[in-house]
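Each remark here refers to the structure printed beneath this line.
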Amino acid sequence: MTTVLVLLALVPLLPAAAALIAPPRIVQGLTVASGIVCLGLALALVPHASHGDVHIGILRTDALSTVFVLATAFVYATCGAHSIGYLRHDEKAHDFPRYARRFYLGFNLFAWSMLCAPLVDGLALLWVAVEITTVVSALLVAVENTEGATEAAWKYVLIASVGLGVALLATIFMYYAGAQELGQTYDLAFPPLLNAAPHLPHTAVRLSFVLAVLGFGTKVGLVPVHTWLPDAHAEAPTPVSAMLSGSLLAVSFYAVLRYFQVATACLGPRFPQTVLLVFGIASLLLAALYLLDQHDIKRLLAYSSVEHMGILAIGVSFGAPLASAGVLLHVLAHAAAKGNAFMGAGALVRKYRTKEIGQLRGGAELLPWSAPLFLAAILALSAMPPFGIFRSEFQIVAGGLRADRYGPAAVLVVLVTLAFMGLAVAATRIVMTPATAGSGRPDRGEPSVWMVAPVLAGVIALVVLGLHPPADLAHLLSRGAAELGGRA
Amino acid sequence: MPVPLAADSAPTTFEGATNTVAVLLLLTEFAMLRATLSRSQVRLYAVQSLLVSGLAAIVAADRELPELYALAAVSLALKVIAVPWVITRLLRDAGAEIAGSGAIGAASATLLSLALAGVGFFAVGSLDISSPYLPQAALGLSMSIVLVAFVLMIVRRDVVSQAVGFFSLENGVSLASLVVAAGMPLIIEVAFLFDLLVAVVVFGVLMRVHHHRTSSLSTASLTSLRG
């Protein structure tokens with residue numbers, strides 16, 4: 001099994017290296033192949049990780065991190081295929097080879113850094129990996145070199161770097177706390193730190209946890225440090241937006257969860273849960289309000305990401321095993337659903353050449369596949385059965401009720417309903433309103449089969465997660481939930 | 001094992017020297033806030049980084065931590081030479097001299113920073129965190145530096161000041177790590193510094209892209225994305 005870990009940390013580097021020398025066609029093929037191989041490797045990890053740790057050198061995975069590896073690998077595979085369709089209409093431009101080289105170099109490195117973040121063993125290496133995701137994705141946001149992209153990339157790199165500066169402080173304080181028990185030369189690896197956690201000095205761990213939530217929370221998109229997120233998601237090329245939303249936010253949330261584990265073991269559950277609850281409710285509230293009146297389709301989806309990160313934070317704050325398992329399922333289902341929604345939005349934007357929701361009309365007539373699939377993705381995001389998010393949010397709310405957290409659970413349900421209204425109204429308008437007749441009206445037809453196939457894969461994954469998650473996966477999620485609650 | 005610092009006895013030479021350097025670090029941060037030329041901001045950043053490297057060397061010598069010499073050397077090469085060189089070259093290519101004006105006046109910015117620096121210093125000072133390597137005052141000062149760097153990034157409206165603000169924030173974090181994590185394994189410290197270098201390259205690339213698009217280093221035009 002250790003080979004799988006090493007391969008996961010190496011395979012995406014192959015297409016990244018190829019992007020430097022090979023022609024775009026070959027790089028595209030290699031990217032798709034690498035994505036599918038990574039997904040296969042991640043799936044192969046599932047049965048092993050649900051029984052115990054897999055460990056080699058600086059790489060280590062347990063049930064918790066395997067969930068995030070799985071989400072990232074799925075988004076990588078689908079977005080890699082989608083990118084072929086997305087870039088198709090740029091192929092005639094004279095600087096396309098140069099653009100494709102930059103795009104695929106960044107795209108694969110971005111996927112590589114996000115796969116490495118949950119796989120490395122230790123808070124210090126985790127910080128390094130998350131920092132790499134930031135710098136690579138900032139360049140990817142800017143890759144289209146438009147005015148909006150430049151502005152979004154600058155805001156993103158500045159705000160996220162400052163957030164990671166704060167997260168570095170958190171790492172240092174956690175090192176200080178750990179050094180009191182483990183001596184000066186330990187390297188912040190998880191198992192010893194978790195074992196020593198009950199004996200660590202409280203002040204330092206408390207400070208470290210709050211700084212980590214604030215610092216890594218900047219990358220998660222928790223309110224009030226989410227301000228870079230809508231800009232970057234809206235201005236990046238669509239496959240990159242899907243990766244940012246489906247897996248970068250989740251991977252950053254994984255970092256928060258690691259600090260949460262240590263803080264819970266040291267301070268008891270009350271303080272860490274309260275911190276996450278406050279940030280979660282703030283995120284959910286603000287995102288739900290922004291969703292009600294949004295004019296840009298990609299910003300709409302970006303605020304939906306803020307909403308879902310808020311749901312994750314609230315779910316963890318409930319502390320019930322059922323809710324924690326729901327959170328981990330939510331990570332997977334959100335990755336598939338948000339990836340689908342962005343890919344659908346990408347097809348719409350390519351067709352109409354605008355992101356203005358007011359001008360996107362008659363989707364079902366013009367895009368016979370992508371538009372209904374986009375609507376399905378929005379319904380999945382709004383937690384409609386039979387999709388996976390229905391099951392995960394149901395578990396989170398049920399877990400909250402079982403843990404006697406009636407107030408937060410009720411607030412969660414109300415705000416999610418509010419968000420559903422905003423999303424559903426915008427999406428049904430886009431898909432169902434008849435298209436205006438006129439000369440500017442685009443022709444009927446899909447831009448590319450590459451933009452439909454990955455979305456179909458996403459729908460299948462969502463339905464499987466919603467109706468009947470495989471037994472191995474269910475084991476993985478419940479073990480991950482136990483690890484999160486300090487009972488593994 | 002180093003001798004724990006006694007708070008009630010007269011300060012030793014080591015304590016006096018390290019506290020002086022830590023205070024100088026905060027003062028350079030204030031000077032950056034006041035500097036009107038981009039070039040002088042970058043120079044001040046180089047001075048501040050030199051002070052951090054010097055402090056690392058002092059701790060290495062006094063507390064017998066030989067790895068810290070290596071850290072001091074790497075941070076000297078990266079933060080005193082490489083980073084200022086990258087930004088200075090960008091400034092020369094851009095032909096820009098004057099840093100962007102502040103969103104609030106210099107006096108208000110300084111007063112605000114003074115207040116924040118005080119809050120940071122006393123808030124962290126009241127925590128029960130002490131270290132065998134450096135006097136606790138340095139930890140409070142590092143928090144002040146981080147907060148003043150925030151002010152610098154918030155009130156200045158040009159890409160160079162904002163980038164220098166971020167780099168100097170990292171100097172504040174370095175100071176904090178010298179206090180509470182001086183014994184951290186060298187490989188981790190180097191990984192942090194290497195990441196900083198990557199961040200500098202990305203900041204440099206984006207600054208160039210920005211300058212190419214808007215022919216200025218001001219961020220005043222970056223207002224189209226909202227809502």
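Positions of Cβ are set from backbone N, Cα and C atoms, glycine also.
Curation does not apply to TrEMBL; its annotations are automatic.
The domain 'NADH:quinone oxidoreductase/Mrp antiporter transmembrane' annotation in TrEMBL covers A:123-411.
According to TrEMBL, the transmembrane segment annotation covers A:29-46 (among others).
The transmembrane segment annotation in TrEMBL covers A:67-89 (among others).
Positions annotated as transmembrane segment by TrEMBL: A:109-142 (among others). Sequence-distant neighbours of the transmembrane segment (A:109-142) (same chain, 6+ residues past either end, Cβ-Cβ under 8 Å): 5, 8-9, 12-13, 16, 34-35, 38, 55, 58-61, 65-66, 68-69, 72-73, 76, 80, 102-103, 149-150, 152-153, 156-157, 160-161, 164, 167-168, 171, 174-175, 187-190, 193, 216, 219, 232, 235-237, 240, 243-244, 247-248, 251-252, 254-255, 258-259.
Long-range contacts of the transmembrane segment (A:154-177) within its own chain (CB-CB distance under 8 A, at least 6 residues past either end) are made by residues 123-124, 127, 130-131, 134-135, 137-138, 141, 188, 193, 200-201, 204-205, 207-209, 211-212, 214-219, 225, 227-228, 231-232, 255, 259, 262, 266. Marked as transmembrane segment by TrEMBL: A:154-177 (among others).
Annotation source TrEMBL lists transmembrane segment at A:207-229 (among others). Within the chain carrying the transmembrane segment (A:207-229), a Cβ under 8 angstroms from the stretch's Cβ atoms is held by residues 130, 133-134, 152, 155-156, 159-160, 162-171, 173-174, 177, 248-249, 252-253, 255-256, 259-260, 262-263, 267, 271-272, 275-276, 279-280, 282-283, 285-287, 302, 305-306, 309-310, 313, all 6 or more beyond its ends.
Residues annotated as transmembrane segment in TrEMBL: A:241-261 (among others).
Under the heading transmembrane segment, TrEMBL lists A:273-292 (among others).
Residues annotated as transmembrane segment in TrEMBL: A:312-333 (among others). Within the chain carrying the transmembrane segment (A:312-333), a Cβ under 8 angstroms from the stretch's Cβ atoms is held by residues 64, 67-68, 70-71, 74, 220, 222, 250, 253, 256-257, 260, 269, 273-274, 276-277, 279-281, 283-284, 380, 387-389, 391-396, 398-400, 402-403, 405, 408-409, 412, 462, 465-466, 469, 476-478, 480-482, 484-485, 487, all 6 or more beyond its ends.
Annotated transmembrane segment per TrEMBL: A:369-389 (among others), in sequence order.
Annotation source TrEMBL lists transmembrane segment at A:409-428 (among others). Sequence-distant neighbours of the transmembrane segment (A:409-428) (same chain, 6+ residues past either end, Cβ-Cβ under 8 Å): 281, 284-285, 287-294, 297, 300, 304, 307, 310-311, 314, 318, 357, 374-375, 378-379, 381-383, 393, 396-397, 400-401.
Marked as transmembrane segment by TrEMBL: A:448-467 (among others).
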(message) If we skip the immediate neighbours and take only residues 6+ beyond the ends of the transmembrane segment (A:273-292), which ones have a Cβ under 8 Å from one of its Cβ atoms?
(response) 209-210, 213, 217, 221-224, 226, 230, 256, 260, 264, 300, 303-304, 306-307, 309-319, 408, 411-412, 415-416, 418-419, 421-423
(message) Using a Cβ cut-off under 8 Å, which residues of the same chain at least 6 positions beyond either end of the transmembrane segment (A:29-46) come close to it?
(response) 1, 4-5, 7-8, 11-12, 14-15, 18, 22, 54, 61, 66, 69-70, 72-74, 76-81, 83-84, 104, 107-108, 111, 115, 472-473, 476
